[in-house]
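Have a look at the structure below before the remarks.
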């Protein structure tokens, strides 16, 4: 509260047995925090305003929407909302179709269901913060909530990369060794692949976030994105982050980079095998089965690599560039994957038509 006839707000500080009233205009928030941290005794009592107390005793980050367009956030989120609806409904539909249609209980569609599940998880893990920022101007997020969100964002991203690699192996076996396809990719082996993906995600993401929790954050707490992203949070630390950076780079190399190289290698082998087929019609058919997967690989890795490069080398890039690439990385793959597989996969189209007709009848 302000004193009558005055323009300053007092802050009451209890240091030992004495208390002091200090005007806000004479002492900034950083000075108050510094005074509290440097107060002499362990049993000293401190009383500060609620907003300042939460900053001093609990770590809070501030998310960012579209820099420079804050007054239009409510309108800007309308197309974002449409993309979320398409992504959630599309991936949910593919999951439902694969689960309910017994004719789609095959290795290729099991992997497609894993891809849809990871896309669905990626969308839902950021939906709350996006709605909060753009429609309710709620930018604050606690450090623990930020850690939780990063676990799901990076976990589902790594899961999608792993599933795309498994799908590349599936296409390689189907084209290069079709007679042994059913014996190699059995249901038990697909379950083992799914379990291995979950173990890989957990063993990679958990240590990354535990290393982040040891850092101190004493400067700016404003993030560049509308969700928590590991490189973005790490940059705000005022302590040494060499270990975090090295471990993060090692993870990128051993996961996304390695997966992309193995996917490329599988397609080199596929192309070599297809070119040995005498009939041009058979070549066209073989390449046609890979179109959906190659499209999914492109729309996943291009935004992922772009966002990684911007964070590592685009320190002087405008904030709007960071925001646009981050949102493309977040929304484009979950939106496009169900569209691509619905258009290019005849079995998925037939199953969708069958479900819609049964609902109409």
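Heads up, the Cβ atoms here are built off N, Cα and C, so glycines get one too.
Residues or ranges marked as transmembrane segment by TrEMBL: 75-99 (among others).
According to TrEMBL, the domain 'G-protein coupled receptors family 1 profile' annotation covers 90-341.
What TrEMBL records for 111-135 (among others) is transmembrane segment.
Long-range Cβ contacts of the transmembrane segment (147-169) within its own chain (Cβ-Cβ under 8 Å, at least 6 residues beyond either end) map to 108, 111-112, 114-115, 118-119, 121-122, 125-126, 129, 141, 193, 197-198, 200-202, 204-206, 208-209, 212-213, 227-230, 233, 255-256, 259-260, 262-263, 266-267, 293, 296-297, 300-301, 304, 333. Residues or ranges marked as transmembrane segment in TrEMBL: 147-169 (among others).
If you look up TrEMBL, you'll see 190-212 (among others) marked as transmembrane segment. Note on the transmembrane segment (190-212): residues 107, 110-111, 114, 147, 150-151, 154-155, 158-159, 162-163, 166, 230, 233-234, 243-244, 247-248, 251, 254-255 of its chain, located 6 or more positions outside it, place their CB under 8 angstroms from a CB of the stretch.
The transmembrane segment feature in TrEMBL is assigned to 246-270 (among others). Residues 158, 161-162, 164-165, 168-169, 171-172, 175-176, 200, 204, 207-208, 211, 230-231, 234, 286, 290, 294, 297, 301, 304-305, 308 of the same chain lie 6 or more positions beyond the ends of the transmembrane segment (246-270) yet place their CB under 8 Å from a CB of it.
Positions annotated as transmembrane segment by TrEMBL: 291-314 (among others).
The transmembrane segment annotation in TrEMBL covers 320-343 (among others).
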| request: Please indicate, using numbers and ranges, the residues of the same chain that are 6 or more beyond the transmembrane segment (291-314) and have a C-beta under 8 Å from a C-beta there. | output: 115, 157, 160-161, 164, 167-168, 171, 229, 231-232, 235, 252, 256, 260, 263, 267, 321-322, 325-326, 328-329, 332-333, 336-337, 340-341, 344-345
| task | Could you give the residue numbers and ranges of same-chain residues that sit at least 6 residues beyond the transmembrane segment (111-135) on either side and whose C-beta is under 8 angstroms from one of its C-beta atoms? | result | 63-65, 73-74, 76-77, 80, 84, 87-88, 91-92, 94-95, 98-99, 141, 149, 152-153, 155-157, 159-160, 163-164, 166-167, 170, 190, 194, 197, 226-228, 296, 330-331, 333-334, 337-338, 341, 345
